[in-house]
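Copied from TrEMBL, the annotated features are:
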DOMAIN    49-105  domain 'ZZ-type'
DOMAIN    130-186  domain 'ZZ-type'
DOMAIN    195-440  domain 'Protein kinase'
BINDING   K230  ATP binding site
Amino acid sequence: MIISLVLMNICKKSEKVQIGSDIESEDDISSINLISLPTEISLEERPDYHEVTCDGCSATNFTSDCYSCLNCYGYHLCALCFEARRKNYQHFSGHPMVHFKIPCEILGRDLRYADVTMDRIKQMFSDDKHSGIRCDGCRRQNFKGLRFKCDACHNYNLCQQCLDRRVTTMKHQSNHPMIVVSEQDILEIDLNDLELSDVELGRGAFGTVYEATWVSKKLRVACKVFRVRKQGGSGLLQSFKRELNAYREVSGAYILKIYGYAVETISRLEDKCYLVMEYMAKGSLACMMEKEKISYFRKVKYALHVARGMHKLHQHNLIHRDIRPANILVDEHQVAKIGDMGITREVSANHQHTMVGYNPYMPPEFYLGRYSQKLDVYTFGLTLNEFFTEANAQLDITGSTVKLQNLSPILNDFILRCINYDPNQRPTSFICQKTLALYVKCFTETINKKHRDYDKSSTEKRNSIFKHYHERITARIREELNYAW
């Protein structure tokens, strides 16, 4: 018995993911380790920690989302390892999983980690009816029971029978993770269960965000609040619905997590809407740049996180349309996430779209109302330039050329490719994340070999070290990604 337990623990060690072979890399191991509960903090003080060990990185009592396998009993992954598609001889990335946004609860229903089995999940969701949903395997409409949604494909659903038969149609592949979902993907929270504080976290055209408490969960959250007209095609109402739909379609380690929503009737003509989201301790990148010095390397890591979030959106056929420092938020573990999905929308087949968004960041094609996901790459490039220069991008657009008057001291070639006038010449979100992952990998290798005191150095010294190796690392990346440069 002891021997078998030892073998089980050895076998549950995950394989390392090779650079370029998948979405993730080894660069975020330090970030992953930071998501464990500090020993001086009790679980009673922080109810958002999952009391399990991640089988990908060995983090214990972690605070990111937890994914538990329905085929491999007792196999759990933190959100970062799930995005990395960690696997071993037993666990396959295409296995069905349940997604815990908060501890011991999935889709508003209580579930202990020890009870995560396929039989238990079948029992819990046996009466679920999926109105208006079609199984993409057998084409059956409005089916009943378990529904699984692909984490890598746009709006791809399978019923239990098709999942068991490992059905693959369209672009869906057998190694794509399938997540249990329900008809109510996003929980409607009782308004009496929310306590809003007077602390304002942010304000924009689509509402004000306050620090709040989800009372029954003892959880600190952020709550976006805005009033909407019930009739007349209110822009705010459309924004609220669009944001909910975007979060229904996609979630991930690098996309701001939504817990649920609430609606309060103010009058016969007006409602007040509440969007309950995870609390991001460090706030937006825009605020961070004003408050503290951030090293180039840390900024590159943030950029990589954003690129991964952007790629996840693009995989699900979405365009964010508002990537900028104010909409990128950072948690206590230095993980950057894309937020504010209020103007996110699906890609149009003919690329005809409405002109909505934060105009100073928009590419030339935006003003023609005809754009694609490359719009996000353009705004991402401008965001990087602003991030590395700590100044608003000064653009000179003449003819068919986009020039930056204040060019970034690092990654300038990459940034210029992202803001190319011709959308077809810009890299894809996949190439963006791959390029930045290589920068992080190469520089990590360099400091581990030649600058072991890097973490103890000042920000100025760290930046000097990064700039010293920047050109040779760039040359190495160009050689490895020669097809993409």
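The backbone N, Cα and C atoms fix where each Cβ goes, and this holds for glycine too.
Quick caveat, the model's predicted, so the values are computed rather than measured.
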K230 (ATP binding site), number of other Cβ atoms within 10 Å:
13
According to DSSP, does K230 (ATP binding site) fall in a helix, a strand, or coil?
coil
Summarise the domain 'ZZ-type' (49-105) by DSSP state, stating how many residues are helix, strand and coil.
5 helix, 16 strand, 36 coil
